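Colleague: What Swiss-Prot records for 1-25 is topological domain 'Extracellular', and it gives sequence analysis as the kind of evidence. Annotated transmembrane segment per Swiss-Prot: 26-42, in sequence order. The topological domain 'Cytoplasmic' annotation in Swiss-Prot covers 43-360 and is backed by sequence analysis. Taken from Swiss-Prot, the feature domain 'PPM-type phosphatase' applies to 92-351, supported by sequence analysis. If you look up Swiss-Prot, you'll see Asp128, Gly129 marked as Mn(2+) 1 binding site, on the strength of similarity to another entry. The Mn(2+) 2 binding site annotation in Swiss-Prot covers Asp128, Asp302, Asp342.
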Amino acid sequence: MIEDTMTLLSLLGRIMRYFLLRPETLFLLCISLALWSYFFHTDEVKTIVKSSRDAVKMVKGKVAEIMQNDRLGGLDVLEAEFSKTWEFKSHNVAVYSIQGRRDHMEDRFEVLMDLANKTHPSIFGIFDGHGGETAAEYVKSRLPEALKQHLQDYEKDKENSVLSYQTILEQQILSIDREMLEKLTVSYDEAGTTCLIALLSDKDLTVANVGDSRGVLCDKDGNAIPLSHDHKPYQLKERKRIKRAGGFISFNGSWRVQGILAMSRSLGDYPLKNLNVVIPDPDILTFDLDKLQPEFMILASDGLWDAFSNEEAVRFIKDRLDEPHFGAKSIVLQSFYRGCPDNITVMVVKFRNSSKTEEQ
């Protein structure tokens, strides 16, 4: 009886080894477990994936910091590696911009302030060009000045005006786009640009966005508050609009309108504008400064956001507000060493209620 039992167990063991330990069986088992985890434990899987990504970002960031500190003595001697750099510094605003690994510099920025007389709210702009620098340069050189003039007129008779910061922003952005399209169409220049504009007054912050440059604010509690939302072709609202216009989106490294443009709204881009698949309409948001009591805001081209999340960027800058560029230079270099291939432009604006900021 015992011998029969042992023989049976031995036979079962051989059968299990033959079937269960075969490579094909193990492969199918792994696939089944993966599918089961995906469909029945989606949240847990997402958490694990997100944690893994954050860990990789953290390691890459630490390596980047070591590289920054070891290369030729630190930050102040790295400019030669970036081909070209640009910077701006005021008492509460700092900008740092690099050409990076690109052959051409297509980013532009502008700062217009009148803190003494306050004839208009402060104007901050980021313009990330594509298909050449023509569009970004055109918008940078004309839109802020046009806004300044209209805002000065508005401030003189604000109480009786039917306008607002939002309507002025929308009117001037659309006007500049129409004006630029006429000129670029004649010269067959297909360049385009993003447009991120922030108007800062005593009580309000108004932000207009076209494209995928982005603004983020750090509130009194250290939270990252989005000031804008990227216009991307894969978003449901944008995808439906593009389809209604007779267009399509396809994946070529990223989702693109007509297989060409990686954003669904822009200024310029006359061939896609003629098809009505890309539009210049800005999204405009207004924020109550008394309620948020912000410490600083970040306005940046997508070169930064390809390397940093909103929350990570806020934490990074918050720890470096005492630096000469309020952390703008450090985060640009960090993005570069994380492998960003694009032009990178970062503007940091400190608010007057920040304990580290002078009277605005």
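Including glycine, each Cβ sits where the backbone N, Cα and C put it.
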Colleague: Suppose we draw a 10 Å sphere around the Cβ of Asp302 (Mn(2+) 2 binding site). How many other Cβ atoms does it contain, all chains included?
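Modeller: Neighbour count, Cβ to Cβ under the 10 Å cut-off: 23.
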Colleague: Taking DSSP three-state, what's Gly129 (Mn(2+) 1 binding site) in: helix, strand or coil?
Modeller: strand
Colleague: Determine the mean pLDDT over the domain 'PPM-type phosphatase' (92-351), rounding to the nearest whole number.
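Modeller: Here the predicted model's pLDDT, averaged over the domain 'PPM-type phosphatase' (92-351), is 97.
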Colleague: Taking 8 Å from the centroid of the Cβ atoms of Asp128, Asp302, Asp342 as the cut-off, which other residues in that chain fall inside it around the Mn(2+) 2 site?
Modeller: Asp107, Thr194, Asp212, Ser213, Ser301, Gly303, Leu304, Trp305, Asp306, Asn343, Ile344, Thr345
Colleague: How many Å lie between the Cα of Asp302 (Mn(2+) 2 binding site) and the Cα of Asp128 (Mn(2+) 1 binding site)?
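Modeller: Between the Cα atoms of Asp302 (Mn(2+) 2 binding site) and Asp128 (Mn(2+) 1 binding site), the distance comes to 8 Å.
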Colleague: I'd like the Cβ neighbour count for Gly129 (Mn(2+) 1 binding site), meaning other Cβ atoms within 10 Å of its Cβ, all protein chains included.
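Modeller: Around Gly129 (Mn(2+) 1 binding site), other Cβ atoms within 10 Å: 27.
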Colleague: If I take the alpha carbons of Asp342 (Mn(2+) 2 binding site) and Asp128 (Mn(2+) 1 binding site), what is the distance between them in whole Å?
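Modeller: Taking the Cα atoms only, Asp342 (Mn(2+) 2 binding site) lies 10 Å from Asp128 (Mn(2+) 1 binding site).
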Colleague: My understanding is the cutoff is Cβ-Cβ under 8 Å with a sequence separation of 6 or more in the same chain; which residues meet that for Asp128 (Mn(2+) 1 binding site)?
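Modeller: Asp128 (Mn(2+) 1 binding site) has long-range Cβ partners Glu106, Asp107, Arg108, Ala136, Thr193, Thr194, Gly211, Asp212, Ser213, Ser301, Asp302, Gly303, Asn343, Thr345.
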